[in-house]
Amino acid sequence: MTKNWKVSSQDVFSQGPVVPVLVIKDVKHAVPLAKALIAGGIRVLEVTLRTEAALDVIKAIATEVPDAIIGAGTVTNAKQLAEVEAAGAMFAISPGMTSDLLDAGNKGGIALIPGISSISELMRGIDFGYTHFKFFPAEASGGVKAIKAIGGPFPDIAFCPTGGISPTNYLEYLSLPNVRCAGGSWLAPDDAVEAGDWDRITELAKQAVAGAAGI
């Protein structure tokens with residue numbers, strides 16, 4: 001199926017290598033946080049729908065930070081997919097998948113990256129025409145060994161593992177041929193965001209990018 005996505009899931013994955021998973025409670029933090037991450041070399045940003053401010057945060061970044069590739073996380077149904085697209089998201093990431101969500105993603109205007117944690121779920125997503133997936137929760141679902149094993153029968157499928165990813169293990173994931181990027185929350189610690197310590201966040205981003213460049 002040909003999808004009418006403005007930005008493909010392949011484009012999103014290739015702009016990695018690290019995707020910060022952002023839980024932003026106050027919209028006033030949205031723009032400076034996005035700019036701090038971009039200053040550190042990270043353009044792909046995932047704003048999770050875990051706070052009441054999430055849609056406003058996405059809208060603010062989409063409007064005021066044109067260099068950002070802004071997406072929404074924790075998208076679990078077709079209604080939310082439509083809402084984040086209307087807010088300006090360029091892609092949506094789900095922790096799982098349903099038939100309704102996969103169908104809505106195929107018909108929508110932004111890239112949908114479904115979540116899987118098993119081969120059966122992966123095969124279901126492939127049946128709907130998807131090739132790029134979130135592997136979640138990564139560490140709890142077998143981690144590096146699990147993704148490596150999945151790559152055997154499905155060598156053309158790409159993953160972005162999220163869940164338990166940290167500065168101490170993200171390079172292990174990125175070294176796998178079927179992993180294009182990794183998602184993590186360590187790039188924007190709550191205390192740094194609340195304090196407006198944007199220099200610290202920029203430095204964390206620079207460190208993550210530099211580490212990945214060595215692979």
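Quick reminder: no glycine exception, Cβ is built from N, Cα and C everywhere.
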*Could you look at Thr63, Thr74 and say which one Swiss-Prot places alongside Arg50, Lys134 in the pyruvate site?*
Thr74
_For the C-alpha pair, I'd like the distance in angstrom between Arg50 (pyruvate binding site) and Lys134 (active site, schiff-base intermediate with substrate), rounded off._
17
*Tell me, which recorded positions from Thr74, Lys134, Thr162 are within 10 Å of Glu46 (active site, proton acceptor) if we use the C-alpha atoms?*
Thr74
*Of Thr74, Thr162, the recorded positions given in the record, which has the fewest other CB atoms within 10 A of its CB?*
Thr74
